[in-house]
Amino acid sequence: MEVEATEARSPGPCYKRSGRRYKCLFCTKTFPNAPRAARHAATHTPTDCTEEVREAQPKVDTEPKAEEASGDKVSASVAKPRPYACPLCPKAYKTAPELRSHGRSHTGEKPFPCPECGRRFMQPVCLRVHLASHAGELPFRCTHCPKAYGTLSKLKIHQRGHTGERPYACPDCGKSFADPSVFRKHRRTHAGLRPYSCERCGKAYAELKDLRNHERSHTGERPFLCSECGKSFSRSSSLTCHQRIHAAQKPYRCPACGKGFTQLSSYQSHERTHSGEKPFLCPRCGRMFSDPSSFRRHQRAHEGVKPYRCEKCGKDFRQPADLAMHRRVHTGDRPFKCLQCDKTFVASWDLKRHALVHSGQRPFRCEECGRAFAERASLTKHSRMHSGERPFHCNACGKSFVVLSSLRKHERTHRSNETTGAAPQQELVLGLALPVGVVGEGSAAPVAGAGVGDAPAGLLGLPPESGGVVATQWQVVGMTVEHVECQDAGVGEAPSTLGDAGEVGGEETDEKPPQFVCRECKETFSTLTLLRRHERSHPELRPFPCTQCGKSFSDRAGLRKHSRTHSSVRPYSCSQCPKAFLSASDLRKHERTHPVPIGTPIPLEPLVALLGMPEEGSA
């Protein structure tokens, strides 16, 4: 008997008694009795039980009675064969009910509904735990936040989100997890077990429920509704995170700056902004990212994959969130509203950017000239004016540009010239005028051979008293480089009189192939601006009428801007005078009429270097 006991205990079952339950020493699962714990332990390979577990085995059971009573059953169950194999994955089971229960993880079947709320579950034990939440039986409460759970294991998993503990590390890729079920699901991805494929985009998943969640991104189904604001979601986890916003719960707080977050992933991405860590490296271009979502989005840009298509207009998108935002263009839904001027927005970041207009905050300041900006991206573009950096290069001719939009406009000229065989148009650099002192006191040096002496002041939106600053080689500095075409041939005859600077007017512009088609009458236009101007002649393309004067508009934004003319709302105020305006663009135009205070330092060296001009302008 002593030899048999030693033989039975020498391998050591990978479980121990913990209170009134039996706990697996490999994955921390618990079971109500020893036979069930033993059956579960057999699912782990012998290598799963480490030497430390085997050494601790003689101390596991402190109650000899339970060990004696279950010893024979344990050894018998471990040695029992597994004749019931899953056809979809390598797992095998001893009994048919166990195989049927496992099969639900593949089929997504949830035959156990909750009589209170209708939520369904795969296993009866999960339903029992859920019913305890309806009865208010949540004895395990988190010490970090107000959440409570029906089981101790769920509480421990939740608390790891606060402590950052992730004890389950993947041996293949090093990724770690707090939840053992998520860890097991991740291991399947390395095994290549993804039997469920999306018929639309081909993306494959290890479980059917994940495929069902993914399919909602194509169909637009959002069955999880917020009872507070009516917003709907495609996943229950997204609804849970959203509800924290209403409850003002931000359980994940940054110790460095105090900022709170509703999701652990958002908190972890934020932490990298302090450390500067960018662990996600693109193998194609070497660019690095701090969060996985930006990295995946960047990879799709390389692959050109846009699997999410709008069913109304056929436009494709890389992200389901981009598709959901695009759908609001068709529905007119603008859920984000400014509390100060009642302006509404399609996206939350548009509202945040708009809020800076009212607050006047411009936290991003240029170290060279002191100019401040509301957004970091605007400061980055502005800084290129000082550094001369032009990171966007044309592959056809080698020209470089400050911003991506200018490169795209320039590339259209190559596409049109390939069709007509015409030479590229001369580009004019327009935008920000240099101070009058560069070219003389209020006088403009005319461009040689050009009859455009009176044009620049009006073209640039400058006040008449500025004298219309123009100099040789177009001594005007531009934030972007754009093609300038005369839309009205009779005004000034500027394009046709440029002479050697490039014949951009006359017959050459007429020979351009049309690119933009009117959706109503099919008439074609060479530029988007001309198309939009033409579409105003079609009443059916202006479906948004003003209820007060009957004037109609092609989009809702135009109607909202027009409606302010009937009311006294002028949300954009000038900081230098009492005037207020209906739109931010009107305010910016007005601000140019205020003279720059004498003594304001304006660095000219980077601007001169950008244009390649001599330091002293010719008078």
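For all residues, glycine too, the Cβ spot is worked out from N, Cα and C.
Features of the protein shown, as given by Swiss-Prot:
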MOD_RES   Met1  N-acetylmethionine
MOD_RES   Ser10  phosphoserine
ZN_FING   22-44  zinc finger
COMPBIAS  51-71  compositional bias 'Basic and acidic residues'
ZN_FING   84-106  zinc finger
ZN_FING   196-218  zinc finger
ZN_FING   224-246  zinc finger
ZN_FING   252-274  zinc finger
ZN_FING   280-302  zinc finger
ZN_FING   308-330  zinc finger
ZN_FING   364-386  zinc finger
MOD_RES   Ser387  phosphoserine
ZN_FING   392-414  zinc finger
ZN_FING   516-538  zinc finger
ZN_FING   544-566  zinc finger
ZN_FING   572-594  zinc finger
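Counting residues 6+ beyond its ends, the zinc finger (280-302) has Cβ neighbours under 8 Å at 265, 269, 272-273, 318-319 in the same chain. The zinc finger (516-538) shares the most Cβ pairs under 8 Å with 544-566, out of the stretches 196-218, 252-274, 392-414, 544-566. Secondary structure counts, DSSP: the zinc finger (364-386) has 11 helix, 4 strand, 8 coil. Counting Cβ pairs closer than 8 Å and at least 6 residues apart in sequence, the zinc finger (196-218) and the zinc finger (544-566) reach fewer than three and form no contact. Remark: secondary structure over the zinc finger (308-330) totals 11 helix, 4 strand, 8 coil, with classes taken from DSSP. Residue counts for the zinc finger (22-44) under DSSP, split into helix (H, G, I), strand (E, B) and coil, are 8 helix, 5 strand, 10 coil. In the zinc finger (392-414), helix, strand and coil residues by DSSP number 11 helix, 4 strand, 8 coil. The DSSP breakdown of the zinc finger (84-106), given as helix, strand and coil counts, is 11 helix, 4 strand, 8 coil.
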